[in-house]
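Novice: A single structure is presented below for examination.
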Amino acid sequence: MDAVTQWQKQWFDYTQSLRREGFLDDQFAQLKKLQDESSPDFVVEVVSLFFQDSEKLLNNMGRALEQNVVNFKQVDAYVHQFKGSSAWIGALRLKNVCINFRNSCEAQNLEGCLRCLQQVQQESSALKSKLEYLFRLEQQIVAAGGSIPIME
Amino acid sequence: MEACNCIEPQWPADELLMKYQYISDFFIALAYFSIPLELIYFVKKSAVFPYRWVLVQFGAFIVLCGATHLINLWTFSMHSRTVAIVMTTAKVLTAVVSCATALMLVHIIPDLLSVKTRELFLKNKAAELDREMGLIRTQEETGRHVRMLTHEIRSTLDRHTILKTTLVELGRTLALEECALWMPTRTGLELQLSYTLRQQNPVGYTVPIHLPVINQVFSSNRALKISPNSPVARMRPLAGKHMPGEVVAVRVPLLHLSNFQINDWPELSTKRYALMVLMLPSDSARQWHVHELELVEVVADQVAVALSHAAILEESMRARDLLMEQNIALDLARREAETAIRARNDFLAVMNHEMRTPMHAIIALSSLLQETELTPEQRLMVETILKSSHLLATLINDVLDLSRLEDGSLQLEIATFNLHSVFREVHNLIKPVASVKKLSVSLNLAADLPVQAVGDEKRLMQIVLNVVGNAVKFSKEGSISITAFVAKSESLRDFRAPEFFPVQSDNHFYLRVQVKDSGSGINPQDIPKLFTKFAQTQSLATRNSGGSGLGLAICKRFVNLMEGHIWIESEGPGKGCTAIFIVKLGFAERSNESKLPFVTKVQANHVQTNFPGLKVLVMDDNGVSRSVTKGLLGHLGCDVTTVSSIDEFLHVISQEHKVVFMDVCMPGIDGYELAVRIHEKFTKRHERPVLVALTGNIDKMTKENCMRVGMDGVILKPVSVDKMRSVLSELLEHRVLFEAM
């Protein structure tokens, strides 16, 4: 088996594991579908945009939760945005954590919110590193002349 | 000459006699003069003396008599002629007056005597009045007693207190030795001693109710004297008392509160009576007086009234308590039901999305997988996955549909459709399955059945498919026949559907469909259960067929929504059965809207794959959301513009944009408001772009809001490529889309 095929296999296994572990869902495949000749880096662009946005949102959320009088509505609005974005890129786990986060906001439970924020941050960074790895793998495959298999 | 005590000793003896005469005359005169004085004195003192004239006469008489005697004094010795004349005058006068007085007295004395009789008479009268007064007083006291008794009796509404008080008060008022109340037993054949005055706990003496003495008392409303030896009066052993007191008994009417067998005595009314027995003290020689009897009668009546009041009150208190209890129970049940409904709605709201998303993913991906290169075993596996997931999706949809049906939130989607093709499609779908089971399926559409109809095509197909599917499922051999025709008024009123009263009108017709199979048949007793959710008739055939038992229940509800009726006829097991349903459909107008005959949902395959140059405007405040949607639409060939605020939107929007996607969950931005403004801006329908809402939550409220502001469609995000494709396709074709996902 040559390097490309090996990498392709690696890529396949990795995506499978990501799906299994719930990091990504069906929506990510949809994103992949949108990648074509006219927009070859569509997925990477969208994902980078997502992480940029999410960093800003996380900072805002953290600041809002540090206030003496916490404006839960504001925090909820941030989480809503975050949830929406996560849904669009198919980040399943992130989306679920956001759902919990929103519940805590509605219940005005500060402790719960802080816990959720921490979870979101953790999941976010985990996803980021995983996706970075995936993209590097893809770059390698493409550089070696192979083609990225279609995601199921 | 004066008389003096010193009389000369040598008077002659006859002079002694003369002296005595002299003295007596003197005293007589004195007395005669003093009597009138006394009379006058005493009469003056007394207030009443009717005969003054007589007094004067009498006084005169006496005075003159006195004068006579006085003058007589002078006649003892030698007297002159003057004295004699005076004497004579006096005597004459005296004679006259005395005669007059004597005559007068004849008149007066009877009068005086009659005074005496009058006095006697008056005394008698006074005695009589006294007696009468005594009587009246007694009566008044009796009346007071009655009032007091009544008051005592009526002051309580407790049965026992009433009766006890009656006895006590009667006993006190009439000074009775014993007072007892006999109540009829449940059977009504005996009287039982229930209350007595002296004995605290009367032991249950009973007497049969047929006794003549009792009948006598019951048949009269008066208090009757009865013999002290009758069984009702012999309550305790009389220890050596010789003369038992008189006994009186009276009836007390009782209110009907329990069943009473009147078979035994047709001559009496159905009224029930109790017996009150009153005994005067023995050895007292007292008798029952009329007023006492009257008292007893009045009391008996009052007791009856008081008892009936007490009974009514008891009844109404009981009813009220019962109602209160029921109220509380109902309230509790209602709250529980509400909680349950809320819980279910919450559950559904969550499951709605959460269940469908993975299902969608599974189905989408499996279908995609089907199109890739697969080995035969893999293909088989994928097909199985697809079939099972379709089944599961149907089940989920069914359950959710059913709950929406029960909720009342399901609405029929009315549109014009081809009626004939519905049946043909069902026929096509069912033919393969039936031929496997070697069943023949025949379809007969009546000649007058309209080709086009207005109604909910999808649900109608569901009903027909379900019914026909059941027919196939439960038949092992033979044939299935499907007949559809327009129901005429006679056939509409089927005796099996007595509560179904269809009304004919010009715009609607009633479609009647009969599906007859020659299968295992159904026991007539089981027929009602068929339409209940989740109930299954237990038979070997059904065990293998699967299904949740929801089918017919859902069909029934759809049929009801279509103002129709569905029922099943079967002669019994092994004799096959016929499922019949009638639904109301509208006549289709022969307008430009008539479509090609074979346009059905199957046409979903002919979806536009590309929309080159279609100008689309996307409004979303989320950057990621914007890019992905843009990419999605761009992939489908659209010319996409994205905006992130209302101002930008209003600036950019123009007639060139055919479709607008807007996020309606943007915080701080009212997407609905925007939709209204768009409607205001583009008044003509063909100028206005198609408005589609993008939302993360698709519930009744959101849908309603979207419809209210005039949106043409709602989509749940995130959207897949295929979804977006079909959405755009449908939007451009129909300008309306209200699919949930």
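Each residue, glycine too, has its Cβ placed from N, Cα and C.
So TrEMBL lists these for the protein:
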| type | residues | note |
| --- | --- | --- |
| TRANSMEM | B:20-41 | transmembrane segment |
| TRANSMEM | B:53-71 | transmembrane segment |
| BINDING | B:Cys65, B:His69 | Cu cation binding site |
| TRANSMEM | B:83-109 | transmembrane segment |
| BINDING | B:Asn470, B:Ala471, B:Val472, B:Lys473, B:Asp517, B:Lys533, B:Ser548, B:Leu552 | ADP binding site |
| DOMAIN | B:615-732 | domain 'Response regulatory' |
| CROSSLNK | B:Lys717 | ubiquitin cross-link |
Novice: In three-state terms from DSSP, label B:Cys65 (Cu cation binding site) for me.
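Specialist: Assignment for B:Cys65 (Cu cation binding site) reads helix.
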Novice: Given the recorded positions B:Cys65, B:Asn470, B:Lys473, B:Leu552, B:Lys717, which pass a C-beta cutoff of under 8 Å against chain A? Sequence order please.
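Specialist: Near chain A: B:Lys717.
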Novice: Using a Cβ cut-off under 8 Å, which residues of the same chain at least 6 positions beyond either end of the transmembrane segment (B:20-41) come close to it?
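Specialist: Counting only partners 6 or more residues beyond its ends, the transmembrane segment (B:20-41) has Cβ contacts under 8 Å with 3, 55, 58-59, 62-63, 65-67, 69-70, 72-73, 76.
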Novice: How many other Cβ atoms sit within 10 Å of the Cβ of B:Lys473 (ADP binding site)?
Specialist: 20
Novice: Residue list, the transmembrane segment (B:53-71) vs rest of chain: Cβ under 8 Å, 6 or more residues beyond ends.
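Specialist: Cβ under 8 Å, 6 or more out: 25-26, 28-33, 35-36, 39-40, 43, 83, 86-87, 90-91, 93-94, 97-98, 100-101, 104, 108.
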Novice: Taking only the Cα atoms, work out how far B:Val472 (ADP binding site) lies from the residue listed as 'ubiquitin cross-link', in Å, as a whole number.
Specialist: 40
Novice: Nearest by CA distance to B:Lys473 (ADP binding site): which of the recorded positions is it, out of B:Cys65, B:His69, B:Lys717?
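Specialist: Closest recorded candidate to B:Lys473 (ADP binding site) by Cα: B:Lys717.
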Novice: Quick one: what's DSSP say for B:Leu552 (ADP binding site), helix, strand or coil?
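Specialist: The three-state answer is helix.
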Novice: Out of the recorded positions B:Asn470, B:Ala471, B:Asp517, B:Leu552, B:Lys717, give me the one sitting nearest to B:Cys65 (Cu cation binding site) by CA distance.
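Specialist: Sorting the recorded positions by distance from B:Cys65 (Cu cation binding site), the top entry is B:Leu552.
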Novice: Just to be sure I understand, if DSSP states are collapsed into helix, strand and coil, how many residues of the domain 'Response regulatory' (B:615-732) fall in each?
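Specialist: Computed counts for the domain 'Response regulatory' (B:615-732) are 53 helix, 25 strand, 40 coil.
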Novice: If you compare CA-to-CA distances from B:Lys717 (ubiquitin cross-link) to each of the binding-site residues B:His69, B:Asn470, B:Ala471, B:Asp517, B:Leu552, which comes out shortest?
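Specialist: Considering only the listed binding-site residues, the nearest one is B:Leu552.
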Novice: Of B:Asn470, B:Ala471, B:Asp517, B:Leu552, which is closest to B:His69 (Cu cation binding site) if I measure between C-alpha atoms? They're all binding-site residues.
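Specialist: Checked the binding-site residues B:Asn470, B:Ala471, B:Asp517, B:Leu552; minimum Cα distance to B:His69 (Cu cation binding site) goes to B:Leu552.
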Novice: In sequence order, which residues at least six apart in the same chain have a CB under 8 Å from the CB of B:Ala471 (ADP binding site)?
Specialist: B:Ile480, B:Val515, B:Lys516, B:Asp517, B:Gly519, B:Ala579
Novice: Restricting to the domain 'Response regulatory' (B:615-732), what is the model's mean pLDDT?
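Specialist: Mean model confidence (pLDDT) across the domain 'Response regulatory' (B:615-732) is 81.
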